[in-house]
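Trainee: Sharing the record's features from TrEMBL:
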{"type": "TRANSMEM", "residues": "20-45", "note": "transmembrane segment"}
{"type": "TRANSMEM", "residues": "51-72", "note": "transmembrane segment"}
{"type": "TRANSMEM", "residues": "79-97", "note": "transmembrane segment"}
{"type": "TRANSMEM", "residues": "103-122", "note": "transmembrane segment"}
{"type": "TRANSMEM", "residues": "134-153", "note": "transmembrane segment"}
{"type": "TRANSMEM", "residues": "159-179", "note": "transmembrane segment"}
Amino acid sequence: MSRDPVAANAEQVGQVPSWVNTAAGIAALLGGLAWLVKGTAILAFDEQPPLLLEVAPVFYAAALMGLGLTLSRRGRRRSAVVALGSISLLASLVGVATELAGGVLGASLLIAALCLVVGLIALGRRERDRAHRLGWIIGLSMTPALVVGGVLSEWDERLLEVPLVGLAVLWIWLGWTLARSAPA
């Protein structure tokens, strides 16, 4: 049975295989696209497409795990980011499962969102990699975006989606950056 020599070499020197960047990038792109479609549909037609709100955090959590695995230094911060991504992923999957079963478990989505925000902020701004810095910026932007959305929703409830569409675009940019940064 032959193994990929690039992946084997990466494992020997303690690096993460290059497919992790690609997978994290695809996850961020899919999550961003889900929120972009959801937000655009609500703004344009005042209708929320089914499952997009619940599915996007699954992809975001997977992207966070990939970002954590590719941090330049091993240690507590890396372990914390991966752990927060894992908790966010599990909570997001519970949210999707309960939605499919006929109800929304708000607590699971809250846990997923909190772990996601804390994990993104824990990436830190000192990372040299553009994708990690962009993830950190997204983490810092999420709370103010919700505050702005709350203020806008006082005029029209649909306007809550405006900052969320902006966050979706940032996630798409992050996904593109991650996918392009993967070594060939």
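Glycine is no exception: its Cβ is also placed from the backbone N, Cα and C atoms.
Note that the structure is a prediction, hence the values are computed from the model and not measured.
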Trainee: Cβ under 8 Å to the transmembrane segment (103-122), counting only same-chain residues 6 or more beyond its ends: which ones?
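Mentor: Tertiary neighbours of the transmembrane segment (103-122) are 53-54, 57, 60-61, 64, 67-68, 77, 80-81, 84-85, 87-89, 91-92, 94-95, 135-136, 138-140, 142-143.
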Trainee: Look over the recorded stretches 20-45, 51-72, 134-153, 159-179 and say which has the most C-beta pairs under 8 A to the transmembrane segment (79-97).
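Mentor: Highest pair count goes to 51-72.
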Trainee: Could you pull out which residues elsewhere in the chain have a CB under 8 Å from any CB of the transmembrane segment (20-45), counting only those six or more residues past its ends?
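Mentor: Tertiary neighbours of the transmembrane segment (20-45) are 52-53, 55-60, 62-63, 65-67, 69-70, 131, 158-159, 161-162, 164-165, 167-183.
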Trainee: Going along the chain, which residues at least six beyond the ends of the transmembrane segment (159-179) come within the CB cut-off of under 8 Å?
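Mentor: Sequence-remote neighbours of the transmembrane segment (159-179) are 21-22, 24-36, 38-40, 42-43, 60, 63, 66-67, 130-131, 134-135, 137-138, 141-142, 145-146, 148-150, 152-153.
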